[in-house]
Amino acid sequence: MPAPVITAVDLVKKYKDFAAVDGLSFEVAPGESFGLLGPNGAGKSTTMRMVGAVSTRTGGGLGILGLDPNTHGPEIRSQLGVVPQADNLDAELRVRDNLIVYGRYFGLPYSYLRPKADELLAFAQLEDKAKSRVDDLSGGMKRRLTIARALVNNPRIMLLDEPTTGLDPQARHVLWDRLFRLKEQGTTLVLTTHYMDEAEQLCDRLIVVDKGRIMAEGTPASLIREHSSREVLEVRFGSARNAEAAEALKGVGDRIEVLPDRVLVYAHSGEAALARVTELGFEPMTSLVRRSSLEDVFLRLTGRSLID
Amino acid sequence: MSSDDAMSTPASGAPPADRDVPATERSSPSQSAPPPGALPRRFGSWYVAEHWFRTMRAYLQTMLMTGIGTPLLYLYALGVGLATLVDQNIGAGSADAGAVGAVGYLVFVAPALLCSSAVTTAVDELTYPVIAGFKWNPFFIGMHAAPLQPRQIADGIVIAVSGRLLAQSTLYYLFMLLFGAVPSGLGFLAIVIATLTGLSFGVLVMAYSATIEQDKGQMNYVMRFVVLPMTLFSGTFFPLETLPVGLHWLGWISPLWHGTELARVASYGYQEPLWLTVAHVAYLLVLLAAGVALARRITTRRLTR
Ligand SMILES: Nc1ncnc2c1ncn2[C@@H]1O[C@H](COP(=O)(O)OP(=O)(O)OP(=O)(O)O)[C@@H](O)[C@H]1O
Ligand SMILES: [Mg+2]
């Protein structure tokens, strides 16, 4: 196996006494697409900022492209493409100028940047906004510009912190497609997302983080296999009765999870579980059988729904 | 530094041919690219300054208007208008009678106005724009996510503001010449002195701005209780000696007083002991160095946490 491009060993980040990242260890191989999942406040962005050689770690070891971010920040960052969770474009500059100015930070010459900026504008589908001020863009357009900007230096590693938040479905698919192509060309991707379908689509391997610690690690398929049943039965009894019904359904399937609006029954066969529910005398208002997904793994491991 | 080969190429070798490398880059494989990060490490501060200048360009018209309007208004109102009154009542041109020394009021006040205008501009550039760069329009965070170092961000801003101060002071100086306010042949040195004065105070203010995370109107306090009194009591409109001795310390700690006295030495050969002239320069340089060190540190702490 080739040497990893990212190596984290017992990585810790403390804010005063609070450990936002509390001993993460992971490796990312070159060309791999690696995901961080976890509830709000899990420490994903904090981790991304340390990997991005921006935030100084409190403890543990960290190597990016074989370099220590404490001593080689500029060398590392010049090979990264960073899409932060919160956009940090210069709102006072025009759209195209933002791309050029950002490229200048890398020491890239104007002769390279002018055509590159036009190419990136096309990628972000912002050609007709080239001369607009960033302030006048919609939220999703700003996001697209931030993503395009991250590509200005042809990075070896892309760090994407919730890249598709705020994007419309079409723009999201364009981005996925672009990320796939980057990956084919050998770019390493590290991303966080709250969209489980996105994680399943894009990530070769992922870690689920909660309270700054790794809860699970694996490929999407292996995580589903390990932490969930083959199928899930979703039944609704009305928000007032869900909890009570779930209590009575104990023993049906492998495991039961109560959400505010529905009850999830994890079972090898959803149909069989539904038959059992009816046998027990319950009449769900609606029922649905589906395959297990990463979302189920997430709920299981972090014990709360994504929107909390 | 802006040749085509300046692109950062991955250390492991050239990017695959099908990567988004523009034709101009691909067609020059013989040129060896500098290792990743080498250019930003060396020239990062200049890239920051370049960005700052680009932002200024949007305000070029306003800057020009104030750059021309300020000397015109002040030199005319104080150097001509008020001067008539002062010179008539107190007498000018005679070493014993003149309240402001051996020169007319215009000659006395012009270098002070020059320095004070540099301070005002430096404060403009180094307060809200700096607070904004961290928070409201956080492009400092973007710079730092790119290969620029926090220290270089602080330095680059200082470079850019020095540039503006130099240009503005030159313009101001031309108006002083026009008004006949500069008897000495060494008067042009006042341009550099004004720039240094603006910076030595401005960069300290910048370091303070960099600490501001919540805007609770701190800058209003700075304006009212630091900048305004400093402008009034730095020997600007009247000599410091006019104040009671107990208040002279106000001048001694004020970079504007040191700058103004220096500018007077340059512009009309104002007589003071040599050690004092040296002390003015040293004081301004020490303040500037302290300001830069503080600004670098605060910026680094804030961006790397
Ligand atoms: N500058 C800071 N000072 C103090 N605490 C911080 C700071 N930045 C982050 N934290 C804390 O660290 C924890 C992790 O934050 P982080 O932004 O990494 O979460 P996240 O996993 O990215 O969450 P989200 O999904 O909401 O983006 C949170 O509890 C947050 O309050
Ligand atoms: Mg986050």
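Here, residue 1 is simply the first one shown, and the rest follow in order.
Cβ atoms here come from the backbone N, Cα and C positions, even for glycine.
Taken from TrEMBL as is:
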COMPBIAS  B:1-11  compositional bias 'Polar residues'
DOMAIN    B:62-298  domain 'ABC transmembrane type-2'
REGION    B:1-38  region 'Disordered'
TRANSMEM  B:63-86  transmembrane segment
TRANSMEM  B:98-120  transmembrane segment
TRANSMEM  B:157-182  transmembrane segment
TRANSMEM  B:188-209  transmembrane segment
TRANSMEM  B:221-240  transmembrane segment
TRANSMEM  B:274-295  transmembrane segment
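When Cβ distances are compared across the two stretches, the transmembrane segment (B:98-120) makes contact with the transmembrane segment (B:221-240), since 3 or more pairs at least 6 residues apart fall below 8 angstroms. Non-local neighbours of the transmembrane segment (B:157-182) in the same chain are 45-46, 48-49, 52-53, 56, 63, 67-68, 70-72, 75-76, 79-80, 106-107, 110-111, 113-114, 117-118, 121-122, 125-126, 130, 188, 190-192, 194-195, 198-199, 202-203, 206, 267-268, 292, 295; each lies 6+ residues outside the stretch with a CB under 8 Å from one of its CB atoms.
Counting only same-chain residues 6+ beyond the ends of the transmembrane segment (B:274-295), those with a CB under 8 A from a CB of the stretch are 154-155, 158, 196-197, 199-204, 206-207, 210, 255, 258-259, 261-262, 265.
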